[in-house]
Amino acid sequence: MASDTATNGTANANGTKTGMGNRSVTTTQGKASKPTDIETRLFINNEFVDASSKEYITVRNPYDDSIVTDKLHSASDKDVDAAVAAARKAFKPWAAVRPQERTAILLKFADLIEQNADRVAALESVCGGTALSFMKSIHVPFCVRTFRYYAGWCDKMEGESFPADNGYLRIVRHQPLGVCAAIIAFNGPAIMFAMKAAPALAAGNCLVIKPSEKSPLSTLYLAQLAVEAGFPPGVLNVVNGTGSVGAAIAAHLDIQKLSFTGSVGVAKKIAALASGSNLKKVTFELGGKSPSIIFPDANLDVAIAWCTRSITDSSGQACVASSRVYVHQDIKDEFLRRFKESFEKIHDTYGDPFDEKKTNGPIVDHVQHERVLGLVESGKQQATLVTGGARLLESGCFVQPTIFADSLADARVHREEIFGPVVVVNSFQDEDEVIATANDTDYGLSGAVFTQDINRAMRVAAQINSGTVGVNCCGMIDPQVPFGGFKQSGIGRELGKYGWLDYTETKTVYIK
């Protein structure tokens, strides 16, 4: 997930302490201390409970491979049933709550998240690897904004009416679905929590959430804050676990909708379970191989800044990352020279996520780290290495920001989502050619056009097959407007009015 702002904020390190009681995080001399008193149990019916499986998952810090906890409770099918039952029991009372009251609860929740931003950020950084400064300047504020945005939708459940025809007045109304579920990925769980929970709860649904076992801690803490915000028991539930828990959720007969963020392969398995059980609605936000097209009249300072940040922020672990760049042949040499300089200047921004001077942390774990390095090695055989191409730092799951150029059309680095700081630059001669090449992919999540010609910008943006297109920017996402993908990048939309409508059922009433 990428930011909705063009600048990367810097969190201060003034020795202040924020948080609630012993759940605070202290910042001293530019280095924040890691969180303590970590909750690892399941959250069901407004209580933290032990998993009935008596099984645990070990969560590691990708910076130094230290164990964050070896006691993350792993839910069983029985626990999933309990969470769904709690949500089902809470649904009718929650749906009947006056919209103004739901608004007040969501706004208080947003305030609590904002007041405890340090804690949320630290819990995510310690296991997900995202830099604490990036969390506090981008991820947590986005989470807060999303809840505040959807708080305003609670009393906007508007309908439609049509003039009587043959004596029948027709009214169209929207109503909540019931019990919904969300499965969120390891990268940016606080953002994904908000993208799924805020519209679901605002519309009057109840929710069961499964965070990634790689970065579950911020989700559990947000559930804790939800109690203080005033959500009734059963409205929001969290079950930890691996893929088996996700499968139990996808196949559950009492869940009406499932929103999933993750890989295409897992989404296909979830789709089969969802359709094979009760044909539950699904929303999928999946992978991307997003193109940025740079025309000869583009402002190269702007294009290079955006393309650099898009693929290197969070070590490239963003579905909207601009991982394919197409630059006009006339400016290719200059662009590559300056792009290379831009990449090499940011090496020192990588490091300990808890160092407030760093803006980029490691890849999430050793498995993903080795996968990225393996794809980089394949790129050396199928493209020209411009810079990078190796590990970064002696320890931790770091990869050098890497640029390949002139790749083969079927090169893995050109075709596959890498989820690391790796970009491929190819050249083009004319507009039709580059549009066809940019669309030659299984994905369609995001795209970008860099040009000073607004007519060209709008013409090309209309032809890029992706759910979001930026003009002189890339990787944008904002709570007010829908986000989602074409082709195998997803089904449905999150955020904006469309994200809210996806958590409602449409009903037509005929009145004689």
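Cβ atoms here come from the backbone N, Cα and C positions, even for glycine.
Just so you know, TrEMBL annotations are computer predictions that nobody has curated.
TrEMBL lists E285 with the feature active site. Within 10 Å of the C-beta of E285 (active site) we count 29 further C-beta atoms, all protein chains included.
Feature annotation from TrEMBL assigns compositional bias 'Low complexity' to 1-22.
Summarising the annotation, TrEMBL assigns domain 'Aldehyde dehydrogenase' to 48-509.
Sequence annotations record features per position, and here TrEMBL assigns region 'Disordered' to 1-32.
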Segment-level pLDDT (mean, integer) for the domain 'Aldehyde dehydrogenase' (48-509): 97
Structural state of E285 (active site), classified by DSSP into three states: strand
